[in-house]
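Feature annotation from TrEMBL assigns domain 'PDEase' to 176-497. Annotation comment: TrEMBL describes 252, 253, 254, 255, 256, 293, 402, 453 as AMP binding site. Annotation comment: TrEMBL describes 252 as active site, proton donor. Per TrEMBL, Zn(2+) 1 binding site is recorded for 256, 292, 293, 402. The Zn(2+) 2 binding site annotation in TrEMBL covers 293.
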């Protein structure tokens with residue numbers, strides 16, 4: 001503890017009856033105390049109204065901040081009679097008092113704002129900590145489940161197309177594997193924001209955290225966060241939970257999820273769907289796109305059914321994978337810290353849930369012909385006020401986005417073909433080893449990149465996108481023409497492959513001895 005004095009004084013010089021009078025006072029004195037001191041120094045009775053002037057006759061304020069003077073520039077204290085305090089002085093004093101009161105109120109408001117901000121920060125911290133506790137509990141449950149699974153497998157249990165979610169454990173829930181439900185926030189450049197709205201967007205240049213930030217931006221930009229009153233922290237946790245529950249397959253992985261979601265966001269902008277559909281519809285479209293392949297095991301429905309996997313048995317051979325994607329999606333949403341629809345009315349949530357399930361189930365290619373035929377019958381007289389028409393449109397939109405890679409530039413689309421073939425070959429190799437039927441388009445000994453793509457583009461992609469073009473003509477140049485170009489590209493590659501095959505055959509014939 002220090003013992004130094006904090007007293008600081010101020011000196012002024014007065015002219016009192018022609019004589020110089022030196023006056024000292026503390027800088028911490030009140031104006032009333034200073035006035036009383038000046039009255040005493042100038043031989044004026046206490047409590048007399050006074051004013052002080054400098055040698056030029058200008059008024060000097062009587063308060064601790066008054067300017068100091070010198071013995072050569074004396075101040076003079078003048079007593080005022082009651083009559084001299086006229087209306088102007090009263091009005092001036094009144095204004096000063098009001099201004100002082102307003103300043104006082106303003107300072108109190110700022111203090112209140114500061115206090116509210118601090119309290120809000122404390123509450124947010126408590127919410128975050130409570131969320132972390134829930135995540136930690138669920139993570140421990142997951143660890144226990146893994147331990148039980150390991151013990152079961154060591155005891156000779158049959159492993160059958162493993163999934164992160166085991167349906168035999170009722171009540172078991174999915175959680176993000178990361179301990180902290182947050183990821184670095186990226187500020188998207190204006191260039192990236194504009195590129196996100198276009199089918200030409202290059203999905204290969206982004207890390208997982210960057211893709212998460214892009215998805216988060218899409219939800220905010222479309223107004224979906226505001227429409228469903230989503231907690232932004234919950235949106236982050238949900239997106240993390242989604243990413244963690246996509247497997248590291250060659251094709252059906254989180255990048256494919258992002259690819260489909262970005263194409264959906266692009267089609268919403270390209271087709272001006274904000275003006276034609278409700279915000280609820282846009283939220284359903286985006287959420288279904290994000291969730292549409294959750295926990296895909298890398299083996300398609302044909303394998304599930306032929307191998308009689310747990311999923312096929314559970315769903316009676318009816319779209320086993322798509323049903324599983326829906327189940328995992330709503331398992332994630334059942335977690336309080338991941339429920340982006342927590343603030344939605346329960347009755348409205350039922351409708352949202354059913355709509356999302358409808359769209360995800362529509363991605364089963366076994367239903368392609370049925371869904372496209374239904375849309376063709378509606379497109380010429382399409383009615384955006386007709387709920388059945390709008391549902392059919394949403395089903396076709398998610399189908400378009402799910403298989404839209406060939407819409408993108410060749411350098412973006414072609415690597416996806418390699419990824420898909422790699423996944424196909426993994427399945428066909430397993431089917432051969434298990435004595436199951438093998439589809440020709442998945443057999444590494446029979447398929448090539450051109451043969452895999454030509455038929456799919458000609459008989460699936462172009463007819464579907466051209467049907468959508470009848471409703472939205474603006475997609476022809478940006479989406480349909482690239483498909484036609486891609487078809488031509490692969491047909492040229494096939495001609496080259498055929499020519500090389502023929503040349504090799506003739507060369508072998510020439511070398512056969514006569």
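Note: Cβ is positioned from N, Cα and C throughout, glycine not excepted.
Since the structure is predicted, the reported quantities are computational estimates derived from the model, not experimental observations.
The Cβ of residue 252 (AMP binding site) lies under 8 Å from the Cβ of 246, 293, 296, 298, 423, each of these being in the same chain and 6 or more residues away along the sequence. Sorting the binding-site residues 255, 256, 292 by the number of other Cβ atoms within 10 Å puts 292 first. This prediction places the mean pLDDT of the domain 'PDEase' (176-497) at 95. Non-local contacts of residue 402 (AMP binding site) by the CB criterion (under 8 A, 6+ apart in sequence, same chain) comprise 260, 289, 292, 363. For the recorded Zn(2+) 1 site, residues 256, 292, 293, 402 set the reference point as the centre of their Cβ atoms, and the other residues of that chain within 8 Å of it by Cβ are 252, 257, 260, 289, 296, 363.
Sorting the binding-site residues 253, 453 by the number of other Cβ atoms within 10 Å puts 453 first. With all protein chains in the displayed structure included, the most crowded Cβ environment within 10 Å among the binding-site residues 254, 293 is that of 293.
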